[in-house]
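What TrEMBL says about this one:
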- 8-144: domain 'YutG/PgpA' (DOMAIN)
- 12-36: transmembrane segment (TRANSMEM)
- 42-62: transmembrane segment (TRANSMEM)
- 83-107: transmembrane segment (TRANSMEM)
- 127-148: transmembrane segment (TRANSMEM)
Amino acid sequence: MKDKIYRVFASWFYIGKIPFAPGTFGSASAIPLYILTGEHKFIFIPVVVILFTISIPVSSYIERRLNRKDPSVIVIDEVVGQLVAISFFSGLDMLSVLLSFILFRFFDIIKPPPASLSQSLEGGWGIVIDDIIAGVYANLTLRIFLYIGSANI
């Protein structure tokens, strides 16, 4: 039973089993969660914290079980990273949400330091922390874009 529950969460309800671009689909799957809860900080922030908290042991378990470093089936890290990218905003329009997604995927793929360095961490920490860092980079970049008005084309 534990194995099944961990697989469901690690793959974010089997989205990680999509044979192409599972990380992109995992990131995109966070957007409906934001749409449902994002304006309700008393719900959204605890959801992000809970998902982050479970993502570490779940990712560690699946990595050990599959005997592969950061297997692509694990996408809960992308979900958490994308949620970080859109955290602490009020009233984001869909263009800004889409921009947060693009920025998150960009930073997740290029992995600027310290994200690249965090992958050397063991187990779930190495899987999840780089996505948290990419989410922070995306969040800060989106704030800059919104501040200077570049997002309002």
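Yeah, the Cβs are placed from backbone N, Cα and C, and that goes for glycine too.
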**OP:** Would you mind giving the whole-number mean pLDDT across the domain 'YutG/PgpA' (8-144)?
**Re:** 95
Original post:
Where else in the chain does the transmembrane segment (42-62) make close Cβ contacts, counting only residues six or more beyond its ends and a cut-off under 8 Å?
Top reply: 6-7, 9-10, 33-34, 71, 73-74, 76-77, 79-80, 83-84, 87, 123-125, 127-128, 132
Original post:
Could you count the residues of the domain 'YutG/PgpA' (8-144) that DSSP puts in helix, in strand and in coil?
Top reply: 100 helix, 0 strand, 37 coil
